[in-house]
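The following features are taken from TrEMBL:
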{"type": "ACT_SITE", "residues": "Asp232", "note": "active site, proton acceptor"}
{"type": "BINDING", "residues": "Gly113, Arg176, Gly177, Gly201, Asp202, Gly203, Thr204", "note": "ATP binding site"}
{"type": "BINDING", "residues": "Asp202", "note": "Mg(2+) binding site"}
{"type": "BINDING", "residues": "Thr230, Val231, Asp232, Met275, Gly276, Arg277, Glu331, Tyr389, Met390, Ile391, Arg392", "note": "substrate binding site"}
{"type": "DOMAIN", "residues": "105-413", "note": "domain 'Phosphofructokinase'"}
{"type": "SITE", "residues": "Gly203", "note": "site 'Important for substrate specificity'"}
Amino acid sequence: MAVSLKESTTDSGVVDTTNLFKPIHLKQLPHLTQYVSSNIQTHPNPLDHDPNFHTDQAFYVSQSDVVLRQIAYDLSGTFATSSPLCAYHRAGPRNQVFFHPSEVRAAIVTCGGLCPGLNTVIRELVVRLWDLYGVRQIFGITAGYRGFYWREPVELNPKLVDDWHKRGGTVLETSRGGFDLNKIVDSIENRRFNQVYIIGGDGTMRGAVKIFDEIRHRKLNVAVVGIPKTVDNDVGIIDRSFGFQTAVEMAQQAISAAHVEAVSAVNGIGLVKLMGRSTGHIALYATLSSRDVDCCLIPEIDFFLEGKGGLFEFLDKRLKENGHAVLVVAEGAGQDIIPRTDLQKQEKDESGNPVFLDVGVWLKSELNKWWAREHPDELFTVKYIDPTYMIRAVAANATDNLYCTLLAHSAIHGIMAGYTGFVAGLINGNYAYIPLEDVASAKNPVNTKDHKWSWVRSVTNQPDFVRS
């Protein structure tokens, strides 16, 4: 809610912010008691008896503890602020739980592509369910969503998962597709799972919404929580998705290699393709971090090759000035200008996403043709590096490992408190519970009008690709 300084100034000249943060709209979370017909008993939190915790009155999170989605405001009223202000329930343990540990049957599933930190989340879910809440029936669903009805679940325990956080990939295995709603929920019901932890990206979260809706329709005493995973950082609302910082760190290594190749050649160009189907966050952050990049191309920005203000003109100038250039491109960039057949336009992957053509291979080809046409008698080299699978497959770095740990703990606390249909995520540095449906529908594109993109252009001095 925007407040004008003039309207909010008292007689003494002090800005009155009494009503600045009103009203606040608290996003309500689904709870098992809202649709399960049988009486659900509550129990004291087992943490009361854990000597590692001092569970005094201030230890437990209450209903009044919230996290604001927006924390920066314009007091002048010059720029509009969304109204009402939005807040989410703060994550953390509650003093009462709605599951008796002996009755919990937890299922954990990983879906979609690989991402650094998957095994850390799995490990922490298992270890903390076991150690903090005394849960002994914990199962891993293998091969993604299809694993609910396609394979027998794997029983998990702390000893089995002890070193999983040191490994890349997912020990539970994953897959795309295989989403059959009735078969999945039938399996959850038949196997008597009453806690379901779903780890995946935006497509996986949309599937989780459908699973939650069907469970609620059947009035099953089953709680569902999503833990968002995407290397691209394209999940909305939350500060970032786990694995992203590891991906940026690994991307810098690829950029450094491309830079070495470029400076070691006559008129050398190092071309690096990074992940980012719909958003260019990895390319953006890696560019800002490395300082070796001359041009960064992302899906949110249209670009063109030929003519004044185009990519070729810019690279020609760079090569004349420096003798080399480094070009970073996100995989989703330029898809609208890459020639493709009608059949290629119709192609979809197992998750229903359009199949992208390789912008890196296309750019390399176009660069070589351009140079041969414009500078036929001069040396020229393009070294193309695609580190996609190297980045996806590594274990999480220290920052992501900690983040994965706290996400898993937050998910457990929320589900034990009877919440369902929610996501555990970081908002403005605080862990919160967000309705699953909100996260599944939210996007996180790069804002090309904010400071970060301006920093990219100031670091690279690349054109804005606006045709004159």
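Positions of Cβ are set from backbone N, Cα and C atoms, glycine also.
Owing to the predicted nature of the structure, the values given are computational and were not obtained by experimental measurement.
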Rounded distance in angstrom between the Cα atoms of Gly203 (ATP binding site) and the residue listed as 'active site, proton acceptor'
13
Nearest of the binding-site residues to Glu331 (substrate binding site) by CA-CA distance, picking from Gly113, Arg176, Gly177, Gly201, Asp202?
Gly113
Arg392 (substrate binding site), number of other Cβ atoms within 10 Å:
20
Entries of Thr230, Met390, Arg392 which, being binding-site residues, have CA atoms within 10 angstroms of Asp202 (ATP binding site):
Thr230
What count of other C-beta atoms do you get within 10 angstroms of the C-beta of Gly201 (ATP binding site), across all chains shown?
20
Identify, in sequence order, the residues in the chain of Gly113 (ATP binding site) that are 6 or more apart from it along the sequence and have a CB within less than 8 Å of its CB; answer 'none' if there are none.
Thr174, Arg176, Gly201, Val231, Arg392
Roughly how many Å lie between the Cα atoms of Asp232 (active site, proton acceptor) and Gly276 (substrate binding site), rounded to a whole value?
5
What average pLDDT does the predicted model assign to the domain 'Phosphofructokinase' (105-413)?
95
Do me a favour and check the Cα-Cα span between Thr204 (ATP binding site) and Thr230 (substrate binding site); whole Å is fine.
10
